[in-house]
Amino acid sequence: MDWMPPPKPTSPRSPPLLWDWADAAVPGSSSGEVSAAAAAAAAHPGRRRKEKRGRAEEGGGGGGEVRCQVEGCGVELVGVKDYHRKHRVCEAHSKFPRVVVAGQERRFCQQCSRFHALSEFDQKKRSCRRRLYDHNARRRKPQTDVFSYASARPPSSLLFDDNRQISFVWNKAPLSHVRPFAISPWESSSEVGTTDGHIYLDKSHISKSLPAFNTDIDELLPMKDFSAATIWMFFGVLFIRTAQESCMSFH
């Protein structure tokens, strides 16, 4: 009788890799309801957290009603504003200058919406010092209306207003820089000439009567067709105004 080796043991059949979710459904619920709930949870992962947070706030943090956290109060915050309910403080104690919270003296800050130590407040202020400083800094307006006099040639709007009347903005120079009229332009007719009905004065005579500006007369007057009478009228009024200010300074 011939010898034969024993047959090799066969490995058990491996289970299928795919899981049938329909077979593992919760008893009493269909597979469609389970798949719909799973899809909704995957699409909105933060909805369940918000629902839990809302239930915790309604129940006072996991049990009981929301009450004021000030020691000796314990008022149930029902039918009050959401602001006081959220920060767990009744309306009366939110305005108290001194309360006791967790065994320490505190004051409720209206800006921070939480309790601070009394040393962080100024006198009986209901907002802490840091928040008041930030609030006042925002209310300060920067001074942007400062005029700059650095331009060499001033615009014509400084010399004439909207009605084309002569302005007195050039009377801002110190009195020591303004020279009075040395000789009246109407005393000597030799320096005055007329052509086509316009009056022309000697330029050297004009330079003696003008204030000591660093700018030439052609740069001061933007309009070249001004008559000499208009120029003398302007500087005559300017001289009178300067004399009035000189008299006022002596009183």
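Numbers here mean position along the shown chain, with the first residue as 1.
Just so you know, glycine gets a Cβ as well, placed from its N, Cα and C.
Matching 57-73, 125-141 against Swiss-Prot, the residues noted as motif 'Bipartite nuclear localization signal' span 125-141. Helix, strand and coil residue tallies for the motif 'Bipartite nuclear localization signal' (125-141), in that order: 11 helix, 0 strand, 6 coil [DSSP]. Other Cβ atoms within 10 Å of the Cβ of Cys128 (Zn(2+) 2 binding site) number 20 in total over all chains. Helix first, then strand, then coil: DSSP counts for the zinc finger (65-142) stand at 20 helix, 15 strand, 43 coil.
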